[in-house]
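Visitor: Following this message is one structure expressed as structure tokens.
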């Protein structure tokens, strides 16, 4: 065993918590949206996509990790490793690109009156398709020989192999591709869209300083922007930073805990994504009651 039995018990307990909270919250999101017609709007499609992505991670990854943590190593073999790595990566990437699409949609929403643009169901479906295609460009290559999925950290879950330079897998090029396309670009887009959104709301508030409604809207949008950006950074910054450090320092000493902790952060959105992106929509709580 790479760590003490208490470490594996803690890992299993954390996975159980993610399943216990993540499954009902995301399932409830899907159920409530499908049951209430007023929630089935094009702008809410991407929130449904986010819930589906979280369920992928819960059912395809967290349950597996909880089971393998009871044994102290990944007991499901090469096929099991590929499947677990694929579902967790796919779910995580769908969620990531859903946040990008959501940021773009909200940015467009601010300027649609200026540009005479109407956000339709076709645009929403295009956003969903884009998030799935981008997720597939990250999750599929390790199955076909560009990089690979291997047990990582405490060896109870599988992820992309960013810490070895195995011959024949072109790990270096894939890690660089992942860091640029699946971390930096989404980060830039999210910062740009929410930054522009915040500026637009502040300009509107400045033009109507005496309007209490406008000032309240400014505060709500500002809070939403801060929470969304922090949520993205908490999820992906630790994982991307550690992966890049390990990649750039091949041969350095690092323990299993060092590689496992960032994965904890990357999996936590299955709980807080619904709370941030759905509960902040005032229609959802009313429909749940």
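Glycine is no exception: its Cβ is also placed from the backbone N, Cα and C atoms.
So Swiss-Prot has the following annotated:
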DISULFID  81-158  disulfide bond
CARBOHYD  171  N-linked glycosylation site
MOD_RES   267  N6-(retinylidene)lysine
TOPO_DOM  1-7  topological domain 'Extracellular'
TOPO_DOM  33-44  topological domain 'Cytoplasmic'
TOPO_DOM  68-81  topological domain 'Extracellular'
TOPO_DOM  105-123  topological domain 'Cytoplasmic'
TOPO_DOM  145-173  topological domain 'Extracellular'
TOPO_DOM  196-223  topological domain 'Cytoplasmic'
TOPO_DOM  246-257  topological domain 'Extracellular'
TOPO_DOM  280-289  topological domain 'Cytoplasmic'
TRANSMEM  8-32  transmembrane segment
TRANSMEM  45-67  transmembrane segment
TRANSMEM  82-104  transmembrane segment
TRANSMEM  124-144  transmembrane segment
TRANSMEM  174-195  transmembrane segment
TRANSMEM  224-245  transmembrane segment
TRANSMEM  258-279  transmembrane segment
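I'm curious about the neighbourhood of these features; can you describe it?
Guide: Secondary structure at residue 81 (disulfide bond), as computed by DSSP, is helix.
When other Cβ atoms within 10 Å of the Cβ of residue 171 (N-linked glycosylation site) are tallied across all protein chains shown, the result is 22.
According to DSSP, residue 267 (N6-(retinylidene)lysine) sits within a helical segment.
Panel annotation: around the topological domain 'Extracellular' (1-7), residues 72-73, 154-155, 255-257 of the same chain, lying at least six beyond its termini, place a Cβ under 8 Å from a Cβ of the stretch.
Residues 105, 109, 119-121, 123-124, 281, 283-284, 287 of the same chain sit 6 or more residues outside the topological domain 'Cytoplasmic' (33-44) yet have a Cβ under 8 Å from a Cβ within it.
For the topological domain 'Extracellular' (68-81), the residues of the chain that approach it from at least six positions outside its boundaries are 1, 5, 8-9, 11-12, 15, 149-151, 154-158, judged by C-beta separation under 8 angstroms.
In the predicted structure, the topological domain 'Cytoplasmic' (105-123) carries a mean pLDDT of 73.
Nonlocal intrachain contacts for the topological domain 'Extracellular' (246-257), taken as residues 6+ away from its ends with a CB within less than 8 angstroms of a stretch CB, comprise 2-3, 7, 153-155, 162-165, 172, 175.
Within the chain carrying the transmembrane segment (174-195), a Cβ under 8 angstroms from the stretch's Cβ atoms is held by residues 93, 96-97, 99-100, 103-104, 106-107, 134, 137-138, 141-142, 146-147, 160, 162, 225, 228-229, 232, 236, 240, 243-244, 247, all 6 or more beyond its ends.
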Visitor: If we call contact 3 or more Cβ pairs under 8 Å (sequence gap 6 or more), are the transmembrane segment (258-279) and the transmembrane segment (124-144) touching?
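Guide: Counting Cβ pairs under 8 Å (6 or more apart in sequence), the transmembrane segment (258-279) does not reach the transmembrane segment (124-144), since there are fewer than 3.
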Visitor: Quick one: DSSP breakdown of the topological domain 'Cytoplasmic' (33-44) into helix, strand and coil?
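Guide: In the topological domain 'Cytoplasmic' (33-44), the DSSP-based counts are 9 helix, 0 strand, 3 coil.
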Visitor: My understanding is the cutoff is Cβ-Cβ under 8 Å with a sequence separation of 6 or more in the same chain; which residues meet that for residue 81 (disulfide bond)?
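Guide: When sequence neighbours closer than 6 are ignored, residue 81 (disulfide bond) has 74, 149, 150, 151, 158 within Cβ distance under 8 Å.
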Visitor: Rank the recorded positions 158, 267 by how many other Cβ atoms lie within 10 Å of each Cβ and give me the one with the fewest.
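Guide: Among the recorded positions 158, 267, the sparsest Cβ neighbourhood within 10 Å belongs to 267.
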Visitor: Residues sitting near the transmembrane segment (224-245): Cβ under 8 Å, six or more positions beyond its termini, same chain?
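Guide: Sequence-remote neighbours of the transmembrane segment (224-245) are 96, 99, 103, 162-163, 175, 178-179, 183, 186-187, 190-191, 194-195, 197-198, 258-259, 261-263, 265-266, 268-269, 272-273, 276-277, 280.
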